[in-house]
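Visitor: Mind looking over this structure? Questions follow.
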Amino acid sequence: MAPSNASSQIPDTLILTGIPGMEQLHVWISIPFCSMYVAALLANAVLLFTIWAERSLHQPMYLFLGMLALADLALSTTAVPKMLALFWFRAREISFGGCLTQMFFLHSTCLVESVILLAMAFDRFVAICFPLRYGAVLTPSVVAKTGLLALLRAFCIIFPCIFLLRRLPYCGHRVMAHTYCEHIGIARLACADISANVWYGMAVPFSVAMLDLVLIAVSYGFILLALARLPSRAARHKALHTCGSHVCVLLLFYVPAVFTALAQRFGHHIPPKAHILLANLYVLFPPLLNPIIYGVRTQQVRDKVVKVFVRPTR
């Protein structure tokens, strides 16, 4: 197929089929999905408003937490409304450009979250290992530059995927067994070799995320060494407690992400509906549970939420 003919075979629209083999259950599946999405919106909105309203929370740890809440909102909102429209109204069509846009924001947001989680690990490292230099190292300028770096890095890594997809001929294939658009799912519709898409889609984002995970592990290695030198058990327990919420969020983000990536590449014997259900839960569970984990485990956040939303009556 000549490259000049590739653009002529890009479909105007794609068709999302939902969860294969479970089409009759789409309406029932949508009930818990919609409930989790609404709860995620409310929980993250409450967290963001509390951080914005309380000046005592304008510290790096909580500013990074606010960035994480924004990324969670972007992740779920990019995928879930279209998913619910498909389940409720059988709105299965999506323009090819809209599909690429959804793919771009989904994958970019995941990479942004990875940087934010790394920044939160570094925040804990500085706070525990170099407490006297905390304010000098993590200034508001550094926090803002970290957010911009996360956006820029995600853009540079995911934007080439759009060109990798647009160069492919699709030969009229436009039915995708999924509830939202993702890179490899779109590439598999092509009637050409997609090796470049597979290797770029796996190697680059996966290696970047793994680098973040290694740096997070190194940070926690230094944190554990510092805690081992603390003479007081109460001090060790307090420091570990401040890291506990972050560790829970790390597991919630990276374990499903790594499993999904490996299953997509090597799990040929896993039923497609299991892949898609897991992918749907991945855009719902972290946005729902992250603010709850921090709200329950972090007393300062919990107290400020109560102060902002449950003011004493006069």
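Every residue, even glycine, has its Cβ placed from backbone N, Cα and C.
TrEMBL labels come from automatic prediction, so no person has curated them.
Look at TrEMBL and you will find 43-294 tagged as domain 'G-protein coupled receptors family 1 profile'. The annotation transmembrane segment is assigned in TrEMBL to 27-49, 61-80, 100-122, 142-165, 206-227, 239-262, 274-294.
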Visitor: Which sequence-distant residues neighbour the transmembrane segment (206-227)? Criterion: at least 6 residues beyond either end, Cβ under 8 Å.
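Guide: Distant contacts of the transmembrane segment (206-227): 110-111, 114-115, 117-118, 121-122, 124-125, 128-129, 153, 157, 236, 239-240, 243, 247, 250, 254, 257, 261.
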Visitor: Determine which residues of the chain contact the transmembrane segment (61-80) at the Cβ level, with the cut-off under 8 Å and only residues 6 or more beyond its ends counted.
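Guide: Non-local partners: 33-34, 37, 40-41, 44-45, 47-48, 51-52, 102, 105-106, 109-110, 112-113, 116-117, 119-120, 123-124, 127, 140, 143, 146-147, 150, 179-180, 249, 280, 283-284, 286-287, 290-291, 294, 301.
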Visitor: On the 0 to 100 pLDDT scale, where does the domain 'G-protein coupled receptors family 1 profile' (43-294) sit on average?
Guide: 91
